[in-house]
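Q: In case it helps, TrEMBL gives these features for our protein:
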{"type": "BINDING", "residues": "LYS239", "note": "ATP binding site"}
{"type": "DOMAIN", "residues": "18-83", "note": "domain 'SH3'"}
{"type": "DOMAIN", "residues": "90-182", "note": "domain 'SH2'"}
{"type": "DOMAIN", "residues": "210-470", "note": "domain 'Protein kinase'"}
Amino acid sequence: RLSTPIQDRPAPPIPQIEEEDIYIALYDYVARTNKDLTFKKGDTMVILKKGQNWSIAQLLEPNPLYSVTEGSIPTNYVKKQSSVVSQPSWMFDTADRSEAVSLLMQPCNNHGDFLARRRTTNPNEYALSVRNGATVNHIKIEKMGGQGYSIDHHTMFATLNDLVGYYQENMLANDIRLRSPCKQVVMESPQTAGLSHDLADEWEIDRKSIELKEKLGKGNFGEVYKGLWNGTTRVAVKKMIKSDLLDKEEFLKEAKIMKKLHHPKLVQLYAVCTHSEPFYIVTELMCNGSLREYLREKGKDLNEDTLIEMAIQVATGMVYLEVNDYIHRDLAARNILVGKNNICKIADFGLARVTQGNDIYQAKVGAEFPIRWTAPEAATMQQFTIKSDVWSFGILLTEIIGNGRVPYAGFQTFEVLEQVERGYRMEKLEKCSEQLYDIMMACWHKDPNQRPSFESLVMQLETCDSAAFLE
Ligand SMILES: Nc1ncnc2c1ncn2[C@@H]1O[C@H](COP(=O)(O)OP(=O)(O)OP(=O)(O)O)[C@@H](O)[C@H]1O
Ligand SMILES: [Mg+2]
């Protein structure tokens with residue numbers, strides 16, 4: 001332990017700095033505790049101690065506005081300067097498909113403006129995203145063995161640079177020429193692993209460090225409030241219902257796993273308060289609330305491509321759970337939360353497990369009864385698997401395309417399971433394309449093993465919108 005707080009000690013002299021050791025901030029960060037460093041996008045620093053989630057850094061050109069020049073930073077907010085500088089301005093290495101769309105749709109970008117990004121489903125492959133009027137087209141770049149890159153399987157390029165150069169002169173299949181690289185607009189800063197360096201491993205926090213603000217809503221496990229942590233950081237707080245159904249051991253075990261899951265399409269768990277009841281679950285705050293309400297209010301203003309894009313984001317988050325052998329158990333539009341630019345993240349994964357099996361179904365009444373989202377084998381035999389999540393995802397697709405409509409509208413809850421077991425499936429909504437309906441029906445295959453994986457769902461959905469990959 002240090003006797004003097006970091007900010008009161010003189011900064012140690014920086015020994016000779018190798019070019020290689022300089023890091024650059026990709027996003028702004030505002031200190032949340034007195035051991036954190038405040039910095040702005042573009043600030044340079046050296047890393048004194050590198051950690052997976054949090055590192056200790058020293059600013060190279062301290063900004064007179066910040067009193068602290070050395071402290072902890074989220075590791076994912078910085079990158080080696082050399083790797084950033086050497087990249088062409090159209091390379092948006094870390095952007096995913098939905099980010100590419102929101103970046104290119106910003107008013108500062110025009111028809112033909114583009115970026116290249118890694119594909120989420122296969123990080124060894126790249127795609128081009130190109131603004132095409134009021135939409136964005138995505139074009140797969142094939143790696144042709146040792147021969148380089150190609151879009152059309154005929155014209156080969158040794159490097160991505162050559163490929164981009166060529167299509168700035170020649171038309172792509174959609175009759176567009178690449179114009180200017182997507183203008184760097186501020187991307188939403190990524191989530192940190194936990195609230196701060198000190199809590200990264202030990203994430204039980206003092207209840208008193210959280211100030212509860214207005215109530216955001218109420219669900220099957222408790223009430224959700226806006227909160228302020230340490231007077232600095234906006235969070236969401238779920239106050240768990242005090243209930244005999246809540247198995248404390250199970251809850252703690254589950255929360256430990258949830259804390260380890262990090263993905264841009266999962267709502268990040270920050271901390272818990274479990275020393276006394278009611279338990280608190282502290283997570284990132286999502287400014288536009290639940291997808292269900294969002295669809296009910298704004299659904300009719302969103303075009304089909306945007307809706308598909310949102311479904312892809314959910315499926316992408318589910319791929320992460322799938323490959324990590326984790327099951328959600330309560331996948332539904334109410335448990336997808338929406339941020340800026342139609343960003344969707346999955347919430348409440350694993351929570352359904354901590355209330356004992358059967359009871360969650362009996363505890364819920366009316367239209368919200370999750371039986372409408374639950375695969376028959378899970379409802380009747382508690383066989384929850386990633387394939388029962390796939391079933392729920394199919395139901396979620398009907399919510400997305402139906403602007404937040406209740407699944408099996410017109411059926412009583414008790415009738416749903418009975419009908420489904422007899423082979424009944426929800427009919428195709430008018431707005432829904434045949435292709436999308438086929439995907440839903442595949443999710444609702446009676447045999448769980450015949451249902452698609454989330455990975456294949458992402459690929460199928462990617463070919464669904466009008467911005468589909470052009471071959
Ligand atoms: N992290 C968050 N950021 C912003 N709003 C949230 C957050 N978590 C929950 N909410 C809001 O609080 C409401 C209640 O959430 P809660 O998870 O308790 O219930 P639910 O999702 O309706 O049902 P379930 O019990 O199946 O999760 C949500 O509908 C949403 O509007
Ligand atoms: Mg929820």
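Glycine too: its Cβ is placed from the backbone N, Cα and C atoms.
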Q: Across the domain 'SH2' (90-182), what are the DSSP residue counts per state (helix, strand, coil)?
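A: Summed by class, the stretch gives 21 helix, 27 strand, 45 coil.
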Q: For a quick check of packing: other C-beta atoms within 10 Å of the C-beta of the residue listed as 'ATP binding site', how many?
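A: For the residue listed as 'ATP binding site', the 10 Å Cβ neighbour count is 20.
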Q: Please classify the secondary structure at LYS239 (ATP binding site) using three-state DSSP.
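A: For LYS239 (ATP binding site) - judged by DSSP and reduced to three states - the answer is strand.
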Q: What is the three-state DSSP composition of the domain 'SH3' (18-83), stated as helix, strand and coil residue counts?
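A: Each residue of the domain 'SH3' (18-83) counted once, the result is 9 helix, 27 strand, 30 coil.
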